[in-house]
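So the structure is just underneath, and the comments pick up after that.
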């Protein structure tokens, strides 16, 4: 009996609550991909359920013109495509992040679950932004809720990378560490959505009349911003390296002059 108690006590000691304990990276990625796929499916089901014109309505109200009937649901389709692009880009950022994560920890898994919890709220954000009348108080609040959901979904992704940097030798690929060639681009890519969604939130508070245009502009601009980020980061790094090389050349010239003048 004493031996059985000792074995049970030993087996319980193997399970710890340390957040730095390793976690299966493959299971984290598989669970995340499943959540992203379900959220995208919910968006498609929502747009197909309530935003398809009835054949009788097309004949009576729009004189048989399907394009005119579909144009009436234009804002709803725009909100759908914006939400779908947001989900796709957040998945892309998540994929890029875990491409450089070599070992996941429990804290990273917890932050990933919190990010997925807000990503799961994006279909709700779509329904809110397409439900209320244009330029109404409820529509402005719905847009602000959507900005908040996007902000927290992306800020927890940024927190995963920040947590990985704390023990980067064990958890990150050398390219994404401090001084790595992808470090600056990862920082810019992970910080893009939190900054843009937070800026859109404050702009909708200040310019409430243009809140819908600001929100849809944010959804449209961000995909092009991802393309511009790579170019901007490359140019910035090349300029910094060029300036550093010039400063090194000046130091070398000064050392040579001092060596010549020292006798």
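Any Cβ shown, glycine's included, is placed from N, Cα and C.
Taken from TrEMBL, the feature transmembrane segment applies to 77-100, 107-126, 142-166, 187-207, 213-233.
Ranked by Cβ pairs under 8 Å to the transmembrane segment (107-126), the stretches 77-100, 142-166, 187-207 are led by 142-166. Long-range contacts of the transmembrane segment (142-166) within the same chain: residues 86, 90, 93-94, 97, 101, 105, 107-108, 111-112, 114-115, 118-119, 121-122, 124-126, 128-129, 131-132, 172, 176-178, 186-187, 190-194, 197-198, 200-201, 204-205, 211-212, 214-215, 218, each at least 6 residues beyond the stretch ends and with a Cβ under 8 Å from a Cβ of the stretch.
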